[in-house]
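TrEMBL has this to say about the protein:
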type	residues	note
COMPBIAS	B:175-196	compositional bias 'Polar residues'
DOMAIN	B:2-61	domain 'DNA replication complex GINS protein PSF2 N-terminal'
DOMAIN	B:65-168	domain 'GINS subunit'
REGION	B:173-196	region 'Disordered'
Amino acid sequence: MDPIDDIELSEEEEEITAETVLKTLQSAWQNERLAPEILPHHNDMVECMLGQIQHMERNINKLPKTDLRASIHKMELSRIKFIICNYLRTRLNKIEKYCIHIINEERQRMESGTNYLTPAEFKYAQEYLLNMESHLKNVVLDKMPGNMQTLELNKMAIYPNLQTHVFLKANDTVSCVVLEDLVGDQDEEIDLEEGSQHILQYKPVADLVKTGKVQLV
Amino acid sequence: MDPYEIEFLGENRIISVIPNFSYDKIYLICGEFGPFRAGLPLNVPLWLAIMLKQKQKCRIVPPDWMDLDVLENIKEEEKRSRFFTKMPNEHYMVEAKLILGVAAEDVPNSSEIKTIIKDIWDIRMSKLRTSMDALMKSGGSYGRLDHLTLMEINSVKPLLPSAMDDLHRIRTTSKRPTTASLNTSTFSQSGSSQNI
């Protein structure tokens, strides 16, 4: 009997294979790497994959060290861990960079229940901001004259540049994407056919990236 | 993204190998592969093929397109067409580099194939540079890039989008001369207040 059994993940509503989870994670990683702003999290996928990895590691430990299968499985696990680590790290980098902006936006999103950050990420963002504030106060502001001691957070906020140009590939056919034309005030409409590749501004396709209709490349 | 990350994505492609050992099916997270039978070809992901090759446990079957005649045709087609032609493979450069790197002896005419793939790459890159130049000169903020592979797109990545961003920034700022003049007036005011 093979100690490493076929893996099927059963969830309450739908059944997805580990393979699908991996593919979703990979495209989430690619999008997150290439999008200027932070995207909605895929925490369920990450958790699910981490569970798979643990399960797999336990099984590998049962195999003899010299077994070829063990090294193949280890290699695959390292590849998946690379994706997950890189994905989470990219998100943390964005959270640190756009900290103030993200926290403000996230507060509004939390009210409508469409939060982009996981609870842990949100906690991280808040603590990061607190630490930055108290650091600035301790090092500089407390030694300044009284009228210059206030820290104006909103003036310090860095915003992601949504006008930046990105490369994308359409997963589905999307018609009538409106490209704003600033010079001639004439908006242009384009159609994205399935499988076609384009370079354009991020802003008009931001929602399409979030819904997975296009993939950033 | 860094080139090694594109290579990483390319390594997920499926390719055919002939193992020299026999084994049962192996159940990986990315799918099940096998059973391995010595001497019989089977499909595995490229990263696994490379790993087995490095352990000298298999021979790599060169993909169909990795053939002098096929590549010669592609090269001619690429030269003739004004546009980018469709490549046999989304990751042809990565695949060629990896396979020819570790398993050159498994590919007939490997050195000629290496040269011709490099030629195709060069033709495409020069086309890409010309069209980028045209795009920038026309001041466009939109372009269509069908049939370009990931590695090719990635090779112009630091340059093209940021050039387009800059162009966009220049346009938006030149469109609002009013705010610019406002700034200078406040600047001169503060300057005069300093004088007092």
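Cβ coordinates come from backbone N, Cα and C, glycine included.
Note that the structure is predicted; figures quoted are calculated from it, not measured.
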Worksheet entry | DSSP-assigned states of the domain 'GINS subunit' (B:65-168) in counts, ordered helix, strand, coil | 70 helix, 2 strand, 32 coil
Discussion item. Mean pLDDT for the domain 'DNA replication complex GINS protein PSF2 N-terminal' (B:2-61), rounded to an integer?
Written reply: 94
Worksheet entry | Counts by DSSP class (helix H/G/I, strand E/B, coil) across the domain 'DNA replication complex GINS protein PSF2 N-terminal' (B:2-61) | 17 helix, 21 strand, 22 coil
